[in-house]
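Listed in Swiss-Prot:
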- 63, 99, 133: [4Fe-4S] cluster 1 binding site (BINDING)
- 209, 213, 216: [4Fe-4S] cluster 2 binding site (BINDING)
- 54-172: domain 'MTTase N-terminal' (DOMAIN)
- 195-426: domain 'Radical SAM core' (DOMAIN)
- 429-491: domain 'TRAM' (DOMAIN)
């Protein structure tokens with residue numbers, strides 16, 4: 001596929017009609033079943049050694065899927081000789097792998113684009129690009145182009161595997177390259193990658209989301225559900241085991257929708273995959289993120305059966321009020337959610353449960369917000385990621401008139417966060433005087449005399465003792481705060 005290009009020196013005012021821009025209406029469509037392509041990557045002959053003696057930097061915003069995309073792009077860039085550089089200012093190539101979930105993330109990206117634009121003006125050989133979920137948004141790409149930033153290339157989430165082809169066009173055609181596919185992509189296997197952690201790694205099990213929550217842009221930026229074949233997933237896990245990995249996290253926009261897009265009659269769903277991954281023998285298995293109304297009890301039963309599946313579930317509810325949930329297009333009854341949590345705790349008593357909550361959805365009343373507080377008290381979550389509703393152009397919720405002032409939304413967020421702090425500390429204190437198995441990361445970032453790692457429940461544990469990165473050691477917990485457990489290593 002030929003990208004749409006334009007001579008960046010030809011005019012100050014760009015003719016946007018010449019670009020193949022993202023189209024939010026097209027992105028909503030679910031056109032065809034995804035193909036699984038095993039040989040969708042090759043190095044363009046013209047740039048096989050182009051990166052030798054050059055460095056690159058990728059700044060990643062957002063979720064685990066973006067982090068995994070970054071690892072894939074790192075792998076491809078290093079195949080042509082590039083070396084990673086921590087310093088943006090001295091790198092020859094910089095990519096911004098962006099997130100579109102909230103306005104704050106977009107603001108930070110545009111600030112970075114401005115910084116990179118200034119570097120480009122002082123060093124014409126410097127190359128920088130914008131990719132990821134923001135690049136899938138019409139308004140964002142239009143803003144970049146109309147602002148006349150000296151960006152070299154823009155591409156989205158569906159053609160990450162083509163980064164070297166796009167770079168080739170930038171190098172030899174000296175033009176701005178824009179290649180954003182609005183329709184969902186295929187499943188491209190056998191891509192190179194450079195994992196950023198040599199103990200714990202992410203494995204994509206599926207891509208995209210078909211839930212269309214009214215506030216969420218992800219179904220448009222990531223496309224429809226596309227599940228990977230179990231054989232490819234298990235091969236990747238086995239490869240990680242052979243390389244010494246201790247922990248794998250299965251990731252997707254909604255992992256427990258895995259397999260629903262397979263051909264009729266192929267009854268292989270997430271609980272089946274989770275069991276097969278556990279059977280590989282890798283020491284720790286995690287997964288994220290789950291949608292509660294697809295979270296079957298068979299998943300809980302599988303977790304109970306295999307001790308190497310870690311007892312932590314991230315289960316976003318977003319609101320404690322059913323009217324708000326209906327407006328969000330999240331058809332979950334609060335009673336059903338409570339029943340699910342009760343089932344989890346009855347079968348996996350040591351399981352930690354975390355959630356996501358949105359405050360100030362358009363026209364949320366004080367009474368509706370109070371129901372979120374009531375649910376939080378009932379569940380006593382281990383932790384929560386809390387946010388003020390962020391309007392996303394192209395979503396259904398974006399056109400709803402909203403009468404709630406921002407000041408009131410901030411007050412509600414503060415009230416909710418105080419509750420989160422209270423129960424996080426209360427739950428952590430339950431581990432005092434207990435012994436936990438901790439996978440060691442290494443010295444704590446804040447105190448090099450202390451070792452840090454994670455418990456099975458996804459709790460940060462700081463402890464004294466002598467342990468090497470990658471070891472799983474027993475730690476007696478002696479104290480707890482909201483964010484961490486503290487203890488000492490025991491024999």
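In case you wondered, yes, glycine gets a Cβ from its N, Cα and C as well.
Quick caveat, the model's predicted, so the values are computed rather than measured.
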For the binding-site residues listed (63, 133, 209, 213, 216), most other Cβ atoms within 10 Å of the Cβ sits at 133
Using DSSP, tally how many residues of the domain 'TRAM' (429-491) sit in helix, strand and coil. 1 helix, 34 strand, 28 coil
With DSSP, how much of the domain 'MTTase N-terminal' (54-172) is helix, how much strand and how much coil, in residues? 65 helix, 23 strand, 31 coil
Can you give me the average pLDDT across the domain 'MTTase N-terminal' (54-172), rounded to a whole number? 95
Residues close to [4Fe-4S] cluster 1 site centre defined by 63, 99, 133, Cβ within 8 Å: 61, 62, 65, 66, 98, 100, 101, 105, 132, 218, 221
Rounded to a whole angstrom, what is the C-alpha distance between residue 216 ([4Fe-4S] cluster 2 binding site) and residue 63 ([4Fe-4S] cluster 1 binding site)? 14
Could you state the CA-to-CA distance between residue 133 ([4Fe-4S] cluster 1 binding site) and residue 209 ([4Fe-4S] cluster 2 binding site) to the nearest Å? 13
Mapped DSSP class for residue 209 ([4Fe-4S] cluster 2 binding site), helix or strand or coil: coil
How would DSSP class residue 216 ([4Fe-4S] cluster 2 binding site) in three states? coil
I want the residues beyond 209, 213, 216 whose C-beta is within 8 angstroms of the mean position of the [4Fe-4S] cluster 2 site's C-beta atoms, in chain order. 211, 212, 215, 217, 218, 219, 253
Tell me the Cβ neighbour count for residue 99 ([4Fe-4S] cluster 1 binding site), meaning other Cβ atoms within 10 Å of its Cβ, over all protein chains shown. 22
